Amino acid sequence: MPSVSPAGPSAGAVPNATAVTTVRTNASGLEVPLFHLFARLDEELHGTFPGLWLALMAVHGAIFLAGLVLNGLALYVFCCRTRAKTPSVIYTINLVVTDLLVGLSLPTRFAVYYGARGCLRCAFPHVLGYFLNMHCSILFLTCICVDRYLAIVRPEGSRRCRQPACARAVCAFVWLAAGAVTLSVLGVTGSRPCCRVFALTVLEFLLPLLVISVFTGRIMCALSRPGLLHQGRQRRVRAMQLLLTVLIIFLVCFTPFHARQVAVALWPDMPHHTSLVVYHVAVTLSSLNSCMDPIVYCFVTSGFQATVRGLFGQHGEREPSSGDVVSMHRSSKGSGRHHILSAGPHALTQALANGPEA
């Protein structure tokens, strides 16, 4: 997040995009909110490194096109072609919406730079969309991981909290919390940047990363138990690859931005040009998450693939979902239990591999 030294931008230095420091204008001596600095970072980068700015804008253009197509298709399938709105589907729909928001905010970034430089109102949609997407994406990725853990490892005890109404309440809380955090950060003009950076980094990034890492490890341990049948090996491998891919994408997309926040807070004398370049590269990596989420959570699942093939007139055999497997287990045993682990390794692996259908 951007900051400059107390001397202000007139000192000839490019502002650091870090968490929070006091910024004063030469004319009035008033503190400037961080949002005012975010709105002008493109001008700073273009004036210092025009080639890099053009390259990053080309990448953002590709992200916009790919994200619009993938997320638009995902939103249509999950909202219009998926009848069972399970908790996983609800979390995935909200994740797709956040990715669409950041994609739709990118054209505003081009328009602001070329046609409305210095217009804070014009820059607001992009700045708000970016930070809201980052906060919501982290939280919804965490929700999806926790939901997969409950469905696979704790299906019996989590039956009550894995209801659609509960998932909708969680999503509403995520949107409100992310919006409040985003607006408060953009309006910050105070001091004590180190304390705020560490607090935000722990709450926004390290805590969700810890939850995702621990629950991913627990799920992989459950999938790796010796009793798995041979015919379930292919689905088990696919499920493990999905979990690792989710964790890797989370690290690649969100770690650089938060690591840079902490680095600038601990090293306030970091060269301004270095800080500016690292900030823009980290923002680009974070935006890349908006067109990678549909690939991980939608196209990897067999149910989504079958629906997309049906839309394009290509019919293929669809694997039974985890709900089908559990229902078959109930009818054969007659016990009325939903415990996926007791339904066998094949059902356990499908519960993860079918993702939003479970």
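Just so you know, glycine gets a Cβ as well, placed from its N, Cα and C.
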Exercise. Looking only at what Swiss-Prot records, are ARG225 and PHE312 on the same side of the membrane?
Worked result: yes
Seminar exercise, completed: Checking 49-69, 169-189, 197-217, 239-259 against the transmembrane segment (276-296) for Cβ pairs under 8 Å, the most are found for 239-259
Exercise. By a Cβ-Cβ criterion of under 8 Å, what residues six or more beyond either terminus of the transmembrane segment (197-217) are in contact with it?
Worked result: 18-20, 135, 138-139, 141-142, 145-146, 148-149, 181, 185, 243-244, 246-247, 250-251, 254-255, 258, 261-262, 264-265
Exercise. DSSP helix, strand and coil counts for the topological domain 'Extracellular' (260-275)?
Worked result: 11 helix, 0 strand, 5 coil
